Amino acid sequence: MKKRLLLCFLCAIILFILMVSTDNDFIQHVSPFVIGDWNDITCYEEESASNGLPDFDPELDKPTTDRNIFFHETSCFDEDGLVLNARQACAVESAAKMNPNMNVYLLHIKPEEYVKNTPLDLWYRSGVLKKSRWPRSHMSDILRYLTLWKYGGIYLDLDVVVITSFEHLTNFAGAEDWDNVAAGVVGFDATALGRRIADACIRDVRANFRGDIWGNNGPGVITRTLQKLCSTKHVRDMTTSRCHGFKVFSPSAFYPIHYKKWKVYFKTKDRNKTMKIVEKAMAIHVWNKFSKSEKVNVNSDVPYVIIARKHCPRIFNNCGEVF
């Protein structure tokens, strides 16, 4: 079944079809390397059509259902424009491939317009984000919660690979370990519970934003919110009943390999052991913060290649020699 993928670029969100097929024009815009300055956010306020981000039209672009999967790209343009690398494109294809009845959105939008008339409007205009040590990363943190607050659905990081269907999931997140709930895969629906969690996350962003702590505004937000909702400081005790119906999956669901061991995705040593761990997961997170410079040949048999070859075949087969 065809799947809709909306991309916000330049002056509008460009709608194109990602079936279990991905069209050649899209594939040609996939680069095997990450491009751009991680801290460059000048485009957030640029008015120029060539450098600035597109405005989000709330009437034209608003999703009409909470059966959505959202990705956010918060980098600025370089001389080649905005280019998705193969791994990012793989995340999008895998989400569409495994969820044929959901709308998949890749949003690249002007934050100033996107936050208007939301609880984060004044907060954003105060300029606090500009003082962050990692403004692009922290913008991604903020936008994921705001998007789920606006529309409901599921947010995914661009360094995941989806390996099972998410169509049955509603209000959920996944533990990164037994100390923290992660924010790389998180879902809030349009029910009272989903709205309650989304509201609480937005309040936490306003009250507790820290630009000097990497994880404070992503995993920190959902962890603190669930600690209050579930009346426990301990992730292991965040049961569905204790959390009023909100599901906190164990680390094995979305983060089967801890970030401290990310290199096993790129090694043939202990490959079978790694694949045994991964086979029970719903998605994998390859920790782009650490792995983005790790080049891997498409003909290798490291776990990441094996997984990508199966779950994002169109992108993988058209990305060149390096994935």
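Glycine is no exception: its Cβ is also placed from the backbone N, Cα and C atoms.
Unlike curated records, TrEMBL annotations are generated automatically.
Listed in TrEMBL:
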- 193-318: domain 'Alpha 1,4-glycosyltransferase' (DOMAIN)
- 1-22: signal peptide (SIGNAL)
Within the predicted model, mean pLDDT of the domain 'Alpha 1,4-glycosyltransferase' (193-318): 97
Three-state composition of the domain 'Alpha 1,4-glycosyltransferase' (193-318), taking helix and strand from DSSP: 67 helix, 7 strand, 52 coil
